[in-house]
Amino acid sequence: MRALYPGSFDPLTNGHMDLIERAVALFGQVTVAVLSNPNKKPAFSVDQRIGQIQCATRHLNGIDVVSFDGLTVHCAVTHQADLILRGLRAMSDFEYELQIAHTNRSLAEDLETVFLATSTRHSFLSSSVVKEVARFGGPVDHMVPKEVAKDLNRLFNSTFPPR
């Protein structure tokens, strides 16, 4: 079974990694789909984000990393996904994600959305929070994979020592 895990991943966090690792164990194959959204100004280019994810997931089998723009359901069909995977940190995530899941189901009736609750130790993480901490020189090595922490430190000229 193939799961499509879409997102901006700007940057990839340990919360994302937790979901990817659990999804591989549950579904066998995971396509991580990096959104190219022209309406946002990301910290990292799509190619950089793909590289970060490939580096962070190199220890896993069954991972593909692709980019997409447009509708998630089109990406899922293109990559022959059986389901769309979404992570939930809090009830506020659920309300938004449920609306999107219903919309996706209206566009592709055979495509299910599966929600995984984020592990408690990562429930506070978001890419926005990580960027904010890094922007002001705080340590992010406990929030993101090692390679991503290095990229963030370079991006924001941070010299904060690792925790």
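Going from the start of the chain as shown, residues are counted 1 onward.
Just so you know, glycine gets a Cβ as well, placed from its N, Cα and C.
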Of the residues Glu97, Glu112, only one is listed by Swiss-Prot in the ATP site with Ser8, Phe9, His16, Gly87, Leu88, Arg89, His122, Ser123, Phe124, Leu125, Ser126, Ser127, Ser128. Which is it? Glu97
Can you tell which of Leu88, Leu125 has the most other C-beta atoms within 10 Å, given these are the binding-site residues? Leu125
In sequence order, what residues of the same chain, 6+ apart, have a Cβ less than 8 Å from the Cβ of His16 (ATP binding site)? Gly7, Phe9, Gly87
Nearest by Cα to Ser123 (ATP binding site), of the binding-site residues Ser8, Lys40, Thr72, is Ser8
Comparing the Cα of Ser127 (ATP binding site) with the Cα atoms of the binding-site residues Ser8, Lys40, Thr72, the shortest distance belongs to Ser8
Once DSSP output is merged into helix, strand and coil, Ser127 (ATP binding site) belongs to helix
Please find, for Ser8, Phe9, His16, Gly87, Leu88, Arg89, Glu97, His122, Ser123, Phe124, Leu125, Ser126, Ser127, Ser128 as listed binding ATP, the greatest distance between any two Cα atoms, in Å. 18
